[in-house]
Each structure stands twice: as structure tokens, then as C-alpha cells.
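Some features that TrEMBL has for this protein:
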BINDING   11, 13, 199  Mg(2+) binding site
BINDING   140, 141, 174  substrate binding site
């Protein structure tokens, strides 16, 4: 068996789902329905919890150039919409934004307007790895709930059961080696027992610094890898190659 590690930790975007699905489907969906969603769910307890996080994040961001504040009163809803769009435009990865996006996507998945994309090689290989006794986890900048929804409402049906747990940046930034140590501690294994798959070089480097093994994925539409820096990693195009001898 070419994969010696017992734990397979998967990045999602650009690794097992396409970047275009995230950038061309999920993010535009939030932008499209944001106003209607806020109007519909404004008084719901779940949205009020999201709003509390957004307000707390707004305090943190208040000194950032171009910051869009969240107000109260008659303009509150509009200010929240503008703040969320500002965060998305600036590619902010705050917990507050990710949580709200996750709830909006859940609404879209449940209504049938969204279906989570997975590359066709993903499920067959993950099922085989599971049969070999490997434990499968994810680590993404998207919230754990957003990850769960993607797999629960995937184009292949509910495949969420294949993953033992989802991790997000509450474990730390994906480019920080301590994040991978935190994950190892959380699932009670040594870093050396983790194989991390990603399309991002700095993430792979961080994982290796923590003591994990890492493999880089090259998928259609992914950013090109630095030839020199990536040369020290095994590079594959599909997960099928995990089942082959190096």
C-alpha cells in the first residue's frame, strides 16, 4: 500500500472540489441572494447569532482602510449587506463571514439550487482508502458546517459519512505549522501519521514543518506551482495516484 500514513487530511478547494465551483458558483450565490436572505431571516435566532459575530468582527476591522461599518436602526440591514460584500471583495476569511456564508449555502443546498462538486476520482479512492483502514478528515478555510453541507448535498448524494471530522481555520491559519500540530492533537495522533493533500505550496510546507507528510495536487484551473519550491514534493493530478507505487 503506497500510503503509509493512517490519517488522510484533505484540503477541499482545488484538491477534491474545483476552484471554479467555489469562485464561480458558491461565492456568486451568496452575492446574489444576500439581500433576500437577510430580509427573510433577520429576526431568526440563527441569523442574530451570525449578526453578533459580524458586529464583533466589525469592531476589529474598524481601522482597516476602506472599512464598511455596521450600523443600527433603519439602515442596519443595508449596512450588514455592504459589510459582507466588502469582506468578500477583499477576500477576508473571518469566522463571522464564513459562518454566514455557510448558512446561506445550506439554504441553497436544501432548496436544490446548489449541489456540491467533487472530482470524479475522489469518492472511489477515498472509499478504497477507508477500506484499507485509513481515517479521512478535511481542513479548509470554509467553516466546518459549510464543508459538511458540500458533502451532504453533493452531486453524488450524501457522502458526508466518509469523513470522520471537518477542520477549519479555528485550528489556525493553513499556512502555519502549529495548525497541523493542533489537528494532530485534536485527533490524538502524531503529525508523522498524517498525510496532507493540498494544491497550495505554503500549506504543504507548513504541514511538513509540523512533521506531516504532504502531497500536492495539480487540478485544472489551479494556480501554477513554483517549479523549484514544489520539486521537493510528490505532485499528483488525481487521487488515483495515491493507490500507485511512487
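The backbone N, Cα and C atoms fix where each Cβ goes, and this holds for glycine too.
Keep in mind that what you see is a predicted model, and the values were worked out from it rather than measured.
Neighbour list (residue 199 (Mg(2+) binding site), Cβ cut-off 8 Å, at least 6 residues apart, same chain): 11, 13, 14, 15, 216, 217, 218, 219, 222, 223. In this structure the residues listed as binding substrate are 140, 141, 174; their two most distant Cα atoms lie 8 Å apart.
Spatially close to residue 174 (substrate binding site) yet at least six residues away along the chain are 11, 139, 141, 198, 200, 203, 206, judged by Cβ distances under 8 angstroms. Set side by side, the binding-site residues 140, 141 differ in how many other CB atoms lie within 10 angstroms of their CB, and the most is found at 140. Summary of the Mg(2+) site environment: with the site residues 11, 13, 199 set aside, the chain residues having Cβ atoms within 8 Å of the Cβ mean position are 12, 14, 15, 16, 19, 140, 198, 200, 203, 217, 222.
The Cβ centroid of 140, 141, 174 marks the substrate site; residues of that chain outside this set whose Cβ lies within 8 Å of it are 11, 12, 13, 93, 139, 142, 168, 169, 203, given in sequence order.
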